[in-house]
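The structure appears below as structure tokens.
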């Protein structure tokens, strides 16, 4: 039945949901890549859709910005609508010079300055990692599509406008590939409620060089990332 944030019924969502931050990007993904699309959520403007990709039922829905927002939606999708796999498809900022604008990054793990997972994990550090099979399927899908995807750690930040520029040096030293705001929270929710999760990001801006894509490009041109996510779902069905 409907929750305070999702006005859908059991069965409206597929067992796999792709989740961008922007609900308009969710609409674009549904209209561009899925067939037989229908809207299944519009509460607070957080649009959700279900359709088929190559005959496979798949849903796509926005999760908003930051760990608090995405944690609400992912928790409800898992516990109230039977969703088994979450694939975040979003943008990130690069901190390493060998990571370029529009590179695709597969988030094997996610560091964070948020305390959300410590609260969940009784004030201990929780290793926020993606599901291994989902990582492997995304890597295989990228190879099949001819996309040179990077695999490694992301950093999920609580602050978009961070005053601590020195932290970027620490991230670079530790090999962090990109900075975003949700992966660690989504991985924590998935672990807590017995689901599986993965984050795939496209580099939308470079923190070192100040290169950036436009808002319109972020909404419509990150197609490689979406194709990798969708094809990885099909590979997962063969396991």
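Just so you know, glycine gets a Cβ as well, placed from its N, Cα and C.
Taken straight from Swiss-Prot:
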ACT_SITE  205  active site, proton donor
BINDING   5, 180, 181, 182, 204, 205  purine D-ribonucleoside binding site
BINDING   21, 25, 44, 88, 89, 90, 91  phosphate binding site
SITE      218  site 'Important for catalytic activity'
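Recorded residues residue 5 (purine D-ribonucleoside binding site) and residue 44 (phosphate binding site) have their alpha carbons 7 Å apart, per Cα-Cα distance.
A helical conformation is recorded for residue 25 (phosphate binding site) in the three-state DSSP classification. Per-site Cβ counts within 10 Å over the binding-site residues 21, 90 peak at 90. Every protein chain shown contributes to the tally, and the Cβ of residue 88 (phosphate binding site) ends up with 28 other Cβ atoms within 10 Å. Residue 180 (purine D-ribonucleoside binding site) sits 11 Å from residue 88 (phosphate binding site), taking the Cα positions as reference. Of all Cα pairs drawn from 21, 25, 44, 88, 89, 90, 91, which the record names as binding phosphate, the longest spans 22 Å.
When every Cα pair among 5, 180, 181, 182, 204, 205 is compared, the largest distance found for this purine D-ribonucleoside site is 31 Å.
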